[in-house]
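Heads up, the thing below is written out as structure tokens.
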Amino acid sequence: MNISALLTSAGINIGFCALFLSLYSILRKQPSNVYVYFGRRLEKENSRYEDPFTLERFVPSASWIMKAWEVTEDEILTIGGLDAVVFLRIFVFSIRIFSITAVVCVFGVLPVNYFGQEMQHGRISSESLDVFTIANVKEGSKWLWVHCTALYIITCSACSLLYSEYKNISQMKLAHVTGSPPNPSHFTILVRAIPKSTEESLTDIIRNFFTNYHGSSYLSHQIISRIGRFQKFMSNAKKVYKKFVRIRVTALDNKCRPSLYRCGLCGVVSNSFQFYHGDYNGKSTDLQHSDTRKRKECSAAFVFFKTRYAAVVASKVLQTSNPMQWVTGIAPEPCDVYWPNLWIPFRQLWIRRLATLLATIVFMFLFLIPVTFVQGLTQLDQLQQKFPFLNRIPNKAFVIQFVSGYLPSVILQVFLYSVPPMMMMFSTVEGPISRSGRKRSACCKILYFTIWNVFFVNVLSGSVISQLHIFSRPKDIPAHLAKAVPRQATFFITYVLTLGWASLSSEVLQTFSLSYNWMRKYIFRLKDDPNAVPSFPYHTEVPKVLLFGLIGFTCSILAPLIVPFLLVYFFLGYLVYRNQILNVYSSYYESGGRMWPIVHNTTVFSLLLMQIIALGVFGTKDAPVASGFTIPLLIFTLLFSEYCRHHFNPIFKNFSAQDFIEMDREDEQTGRMKDIHMQLLTAYCQLPPPTSNAEETYYDDSVIGDAHNQVTI
């Protein structure tokens, strides 16, 4: 690929970005889209949007960028929680390290690559991108010490910034635990694999065991039941009730006057839809009582303790000499519990994990087919030799540039849309007990999948057309990586443009939510649902950002031209996601920033991969001095990773006894402990609680009240 093909791809993506951002700045001002672009603010602030018709509503503006930029980190912490802050810190770290990388590589490494061969350079627009990579440097060149020096600068800067970020986030994690209101999960443990007896009921077994061995600290317990269809019925009944209450106060203009209603699909006027004015709460008690006959008790329960320290100690020790019975662990937060997986027998978990691991591996290898096809498009001339029917493609410069420069990234992106739902399904089957744990599991699977298929398979399959024997000799893969990564740098640049720039503009535009909202309103004639606010998709966005970081590190000294495109992506992503956290996504549960260890480990892996590829490049370029200086850098990075793992990682896995004891003493001295104990008994509610009159009043006040807040856009 030459510069003109790259500029074609860049022009197409820049055009899409400008179009989407302009549309967003207009569509966000329209009252009909307020629940798409301000769902979180409408839900949390109990407000609604009113805006008179003005010409300004149809003029693109960049005011949202300034508002996203002016939000402080403390405000982000209050709005989105520690998870949102940690996610944005990925962009902060990336901007900092790749700013240093851009200065070093663009002004130091790029000229060395361009003038590495004694050749006559033509016009920049017709130059092949290979002349900007390390492949253009001749063997034995003394200028390779520039690449080695850049490698040291990038690695040392990345490790320093990583250490600083890990330290700051660890402090925020501790502050989140000690500074937040009393959390029921700190007093609660989840007990699984409880042995059953024919002589005693399950509740008596649990009470007798913990009274006997934890008598001074045991408070109470709650048995987990497998309710199945009845639980779904109760949840759906509550949702339907809320919708009818909302329809009553909005569609009937708070006077409940009779009117005609129009069918959403065919548009026929009908007066057959009547609203039920009876009391739902009157029947809720009967439903709750009838539920006791349908419960099926599981060998699991939530056990409540009087102090935080007692709960954390009970969760860490073996309860009996048989490690397969009375298995304990800290319970997730009440809103974070994933109830459908709590009934899974403990002995079945390892089988599920093994099965999902095998299924993930099979899916990864099946995905090789579209990836190999996509990479073949970047080498269109070789494909035409092997498949003569491809010679029918018009031999025009623009068509060739479009097919080889833009189309591969688009096709790969289309196939990648199927990955997150599949990995989320695998993670659900695996059996995590929390929603955040399920997302972290899916995040790791998607991360491994994208690194393998987007990076390794793309790099290796790029040369597979001409070198099919590459997989037959695994020991030669590092040398092949050293040769193949510079060749595939052009694909990675277009990948950053397509999946990076264009996807960010699509994210801020909320293409799918906007289409769904339009269908609900204008085809099915449904009202806006204030409760349908999405949660932040960390499991899809974190792997995407980390993949770009890996591509940036591995290609920085090999093909420095990619670094400016990555910097633009990280700057734009920082603004876009701050806006989305502020206005769109809601935080229903909090994991306490436990995504950061995944970020740290992936970044260290990227640094090691960069160094291994550089070591292979220096070996193929006959530069033994540079190769010798790279080996200590590998050892230093491994030691740095091990130090951080021992120094910071335990903070994200365990709780401090010192902090918990001090918090317990403070609650006892202030007299709050009794109230906390009372709240514990109703914190973990497996069935939705019966709706009270207060809830109906809330709907009336939020929808038809005279005094209401207004969203400022």
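Using N, Cα and C of the backbone, Cβ positions are placed for all residues, glycine too.
Residues or ranges marked as domain 'CSC1/OSCA1-like N-terminal transmembrane' in TrEMBL: 5-165. The domain 'CSC1/OSCA1-like cytosolic' feature in TrEMBL is assigned to 186-341. TrEMBL lists 352-618 with the feature domain 'CSC1/OSCA1-like 7TM region'. According to TrEMBL, the transmembrane segment annotation covers 6-27, 86-110, 143-163, 354-377, 397-417, 446-465, 545-577, 598-619, 625-644.
Contacts between the transmembrane segment (598-619) and the transmembrane segment (6-27): absent, as fewer than 3 C-beta pairs lie under 8 angstroms at sequence separation of six or more. Counting only same-chain residues 6+ beyond the ends of the transmembrane segment (86-110), those with a CB under 8 A from a CB of the stretch are 73, 76, 132, 134, 146-147, 149-150, 153-154, 157-158, 161-162, 165, 168-169, 536, 538, 541-542, 545-546, 548-549, 552, 556-557, 560-561, 563-564, 566-567, 570-571, 573-574, 577-578, 581, 593, 595-596, 599, 603. Comparison of 6-27, 143-163, 545-577 by number of C-beta pairs under 8 angstroms to the transmembrane segment (625-644) places 143-163 first.
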